[in-house]
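Here the structure comes first, spelled out in structure tokens, and everything after it is commentary.
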Amino acid sequence: MNIEKVIAREVLDSRGNPTVEAEVHLDSGFVGRAIVPSGASTGTHEALELRDGGSRYMGKGVQQAVRNVEEALGPAIVGLDASEQIAIDAALMAVDGTPNKGKMGGNAILAVSLATSRAAAEELGVPLYRYLGGSNAKTLPVPMMNLINGGAHADNSVDFQEFMVMPIGAPTFREALRYGTETFHSLKKVLSSRGYNTNVGDEGGFAPDLKSNEEALQVLLEAIEKAGYEPGKDIAIALDPAVTELYKDGHYDLESEGRTLSTAEMVDFWADWADRYPIVSIEDGLAEDDWDGWQALTTKIGDRVQLVGDDLFVTNPERLQRGIDTGVGNAILVKVNQIGSLTESMDAIELAKRHHYGTIISHRSGESEDSFIADLAVATNAGQIKTGSASRSDRIAKYNQLLRIEHALGDRAVYLGRKALR
């Protein structure tokens, strides 16, 4: 199962921006391929995404990252056994030699890392989720379906980035997807009836110019009920306000509402919403380095609401360990391109599970047809996945792959519903 050659190319993501695709060819003739995603709202502690700059593709080209794969990263792993993922990733990171993968680019390293695992699974003739997770990989994730987009993901007046539904009362993943999809179609009718546009944002959710952030919750609840479901029982609400994007000079600027909140006021804001609405999960409710604020929020509502660190933890075991040690948050969002290798992503998931933190496998706003994260969610029995709305083929690709996996597992498939929540 030795690696014979590694090639890369520049392809486009769902926003029409260049990204890296890598192919790992084995001496047996099997090939693994992977396309890396890209985020719009990125944490400052993420692995570096290498872009070319200049005028080509408005500076977003990745030709240098592609060259790094073919001229440096690929040659470093040629001849190695593709099934030795830890050794492969260590070799890739040794070529880079920087803490944030700033020399080769996290996008270059990750493309090769993921493609290697796919190549190994192909040669062994096993599904990717089984290769990564073994015989106990059987838990289908509860989808966090992003139905209303705001913030950096949409050109509208909504400050907060994602308003999601979670079908926690569904018996299976297949039914959960139906619950969420029916709510998506119901929401379109609700928005139209209120005179709002039904254009969609980067992740396939609607991006209406609502009168306030709270109106997003109100239209979601109406859509859930009109779809025939009970809010809080069949379908709950999850939020990703991504407030690092709103944090300026030590305060949180809710521009659309003309309000500026202190950390203490932001904590009270979320506690109030959690009291009045069926909100079961809040991601990045405070800024990525507002550790004191995070601690206060966790103390206040962490016993009843899943508090997810995305920009806070950036899929980094070291930052997660700090959160564990200081009682900050109770769940981690896992984005493979934040840390830049499969091994480090798996390490973060293992650390979270060891300390009873929830795990949510996530896409990025710039995605592709690559469905790797669907297999990763099942492989790690993560229990939850964020991969957008019920529209745009780059999002649907992940849902369809999960449907295939559930079908293949048959009676062995597990859907945890509410039990998946931290």
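Note that Cβ sites are derived from N, Cα and C of the backbone, with glycine treated the same way.
Because the structure is a prediction, the values reported are computed rather than measured.
The active site, proton donor annotation in Swiss-Prot covers E203. When secondary structure is read from DSSP and collapsed to three states, E203 (active site, proton donor) falls in the coil class.
In sequence order, P37, G39, D310, V314, T315, S362, H363, R364 are the residues of the chain that are 6 or more apart from K335 (active site, proton acceptor) and have a CB within less than 8 Å of its CB. Under the heading active site, proton acceptor, Swiss-Prot lists K335, citing sequence analysis as support.
Annotation comment: Swiss-Prot describes Q161, K335, R364, S365, K386 as (2R)-2-phosphoglycerate binding site. Around the Cβ of R364 ((2R)-2-phosphoglycerate binding site), 27 further Cβ atoms fall within 10 Å across all displayed protein chains.
For D240, E283, D310, the entry in Swiss-Prot reads Mg(2+) binding site, with the evidence type sequence analysis. For the recorded site, D310 (Mg(2+) binding site), the DSSP three-state label reads coil.
Spatially, by CA atoms, the recorded positions E203, D240, E283 include one closest to S365 ((2R)-2-phosphoglycerate binding site), and that is E203. Of Q161, E203, K386, all annotated as recorded positions, the residue with the shortest Cα distance to D240 (Mg(2+) binding site) is Q161.
Residue pair E283 (Mg(2+) binding site) / E203 (active site, proton donor) shows a Cα separation of 16 Å. Counting every protein chain shown, 27 other Cβ atoms lie within 10 Å of the Cβ of D310 (Mg(2+) binding site). Secondary structure at D240 (Mg(2+) binding site), taken from DSSP and collapsed to helix, strand or coil, is strand. For the binding-site residues Q161, S365, the greatest number of Cβ atoms within 10 Å around a candidate Cβ is found at Q161. Within 10 Å of the C-beta atom of K386 ((2R)-2-phosphoglycerate binding site) sit 30 other C-beta atoms, taking all shown protein chains into account.
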